[in-house]
Amino acid sequence: MKLLIIEDEPSLRNSIREYLEHQGFICEVAADFREAIDKVGDYEYDCIVADIGLPFGSGLDVIRELKTLKSKAGIIIISAKDSLEDKLSGLELGADDYLTKPFHLSELNARINALLRRKNFDGNTSISFFEITIIPASKTVLVHDKSITLTGKEYQLLVYFIANQHRVVTKSALAGHLWGDAYDQAGSYDFIYTHIKNLRKKMLEAGGEDYIKTVYGTGYRFG
Amino acid sequence: MKLLTKTTLYFILIMLPVFAAGAYYLFHKFNKEIKHETDEELVNDQLEWLRYLDTASLDNPIFRFHTQEFQLIPTDQPIQKKFKLKGVNLYQETEDTQAPFRELSQVISIHGKNYQLILRKSMIEKDDLAKNIITVMLLAFGGLLVFVILSNWFISRNIWSPFYRSLDKIRQLQLNKMETLQFNRTPTHEFNQLNDALNQMTDRIHQDYINMKELTEDAAHEMQTPLAIAQSKLELLLQDENLSEEQLKNIGQTSEELQRLSRLNHSLLLLAKIENQQYPVTEQTDLHPVLLKYLSLFEELIREKELTVDTKLAPAAPWPLHPALADILVSNLLGNAIKYNYPEGRISITLTQTSLTISNTSNLPEIPPANVFQRFRKSNQGYSNSNGLGLAIVKKIGDSYRINIRYQYRNGLHIFTATC
C-alpha cells in the first residue's frame, strides 16, 4: 500500500512516515503545496494524508486537484485548526476523514487501515492475525475458525490492536479511539482495563494466544 | 431627566423672577404716572373751582358742600398758601369696600371767609391696572413657555436627531459587526466631533478585538503543531524495546501531561470561539438524542462506579443551539455528575422543552456560588484530570446563547440547571 504524507513540519512528517513504514506502508512525503501537486499528478496513491495549512497553498486545494484527477485515493486531513468550517469543507470536497492535531500515530494508522479496507474492498475483506480472523462487514471475530462474541468496544479494541500490532499503544490513545473527545470527562483510564481484561479472557477461552502485553505504566502492546 | 426638559426648566426658573420684576416695575411706573396725572387734574379742577367761587354770589349754597369728590366747608383755620396732595382710602357704601382716592386740600378765603376746600379723584383704576398688568404678564409668560416648549421639541427633532442616531448605533453595537459601523457627517460641528471620536474609538476597539481574536486562535493553533510533534516523538520513543520500566513510565507520564496541555489549549480556544459567537444558531438541536448519546458513551463509567441514573426526558427538546455546543453542554454537565460522584451514588436527569437539570450526589461540599463557574477554580480534592474549564465553558455557552445556567446545592445534591 502506497501513501503520500503532505505535511510541512519536517519533524512531524518524519514521525508519521517512520510509524507508518514500520506498519508496512510505502510512504512518500511532500513538504509543500507544489510538491504535493506534482506528486499527486505523477503517481497513484492508495491513501493521502494531508495537512491543510501548507506553504504556497492549501491542503483543500490538493483535495480539489485529486478530485479533478479522478483519483481513487483515500484522503485523511490532519489539521491543527480544530475549526468546523475546515472540517466540513474538507469532507464536502471529498476527504474521507479528519484528524485534529495533536493526534496519536496509532490512531492515524488505525484510520488509514479502516479507510483502505473500505475503499479497496468495499469492506469485503478479512483481517487476520495468526489464529484470529476478523470479518469487518459482519463484525465477526473468529479464533481458530470458531466465532466468539465480543461487545462493540471489545471489537473496536481488537481491530485497533491488530492495526497497530507490535507497537506500544498508550491508554489515552485507546480511550480517544473508543470515546472520542468525551473521554476527557472520564477522570481515569481504569475502565479501559476492564474492557481489555474481558477481551483477553474471551480470546483465551477460545483457545487463542494471549497477545495483549501490558506495558508498565503506559499502555499495551499487541503481538 | 432629558437634557431638553432640563434646559426648559432652567429657562422657566430664570424667566419667572424676570417676569415678576418686570410686572412690579410696570405697575410701579404706571401707578406713579396715574398719580401724577390725577394730581394734575386735581390742580386744574381746583383752579376752575377757585375761579368759579370767586365769581359766585355770597349766598350760594355751594359754600357748604360735602361730597366725596368735592368738599367746601367753612373753617377757622388760617389760609394756606399752598395746596396739599395725598392719597386716602375711603369707604364706598355701594361696594362695601375701601377705595383709594387722591386728595387735594387747601384752606382758602372766599369773600373774606375761610373755607376748607377738598377735591378728590378716585384711583379705582389702580386695581384694574395691576390686574391688567398681571394678566398681560401671565399671557406673555405662558406664550413664551408654549413657544419655548414647541421650539425645543422642534430643535430636539431636528438638531438633535444626529445625536440620537449615533446613540442608537452605539446601543446596537456588536463586537463582531463593528467594521460595518460608520458614524456619518452631520451639519452640526459638535456632533461631527463626537462622531469622529466614536469612529476612531470603534475602529480601535474593532482592531483590538480582531487582534485578540487572531492572537487567541493563532496561539492555540500554533501550539497544536509543536504538541503534535512532541506527542508523535514520544509515541515513537515508546516503541524502543530496550527501555526500562522506569523509562517507559516517564515517557508515559510525559505523554499524559502533553495530552493535558493539548486539552487545555483546546478548551481555551473553545472558550474564545464561543465568546466570539463563532457557533451561529442555524437550527434547533434536539437535546434528547444528545443526552442518550452521552449516556451510552459514559455507560462504562456509570457502571464502574455503580451509579444509579434516573431520567425523566421529554421525547423531544429542540433548543436553539449549535449541535457542537449542545454536545459540549451535555457532556460537560453529565461528565461532572459522574466524575465527582461517589461509588453507588445517584444522578438524576430531567429534560423538558426549556430546561435541563442534572443533579448528583458527591463527597464534595457545596461549591461557593462565586467560584462555581470561574475558570481554573477546581476542587483540590484529588480529581487531577479536571482542567477547571468545564463549567466555565458551560457558563460561557449560556451567556453567549441566552441560556440561563444555575447551580444549587440541596440535601447533599449538586444541581445544575440550564434553562433556555
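Here the Cβ of each residue, glycine as well, is placed from N, Cα and C on the backbone.
Per TrEMBL, the features are:
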DOMAIN    A:2-116  domain 'Response regulatory'
MOD_RES   A:Asp51  4-aspartylphosphate
DOMAIN    A:124-223  domain 'OmpR/PhoB-type'
DNA_BIND  A:124-223  DNA-binding region
Looking only at the domain 'OmpR/PhoB-type' (A:124-223), what are its DSSP counts of helix, strand and coil residues? 43 helix, 25 strand, 32 coil
How many other Cβ atoms are found within 10 Å of the Cβ atom of the residue listed as '4-aspartylphosphate', counting all protein chains shown? 26
When DSSP states are grouped into helix, strand and coil, how many residues of the domain 'Response regulatory' (A:2-116) land in each? 55 helix, 29 strand, 31 coil
Can you give the mean pLDDT for the DNA-binding region (A:124-223), rounded to a whole number? 89
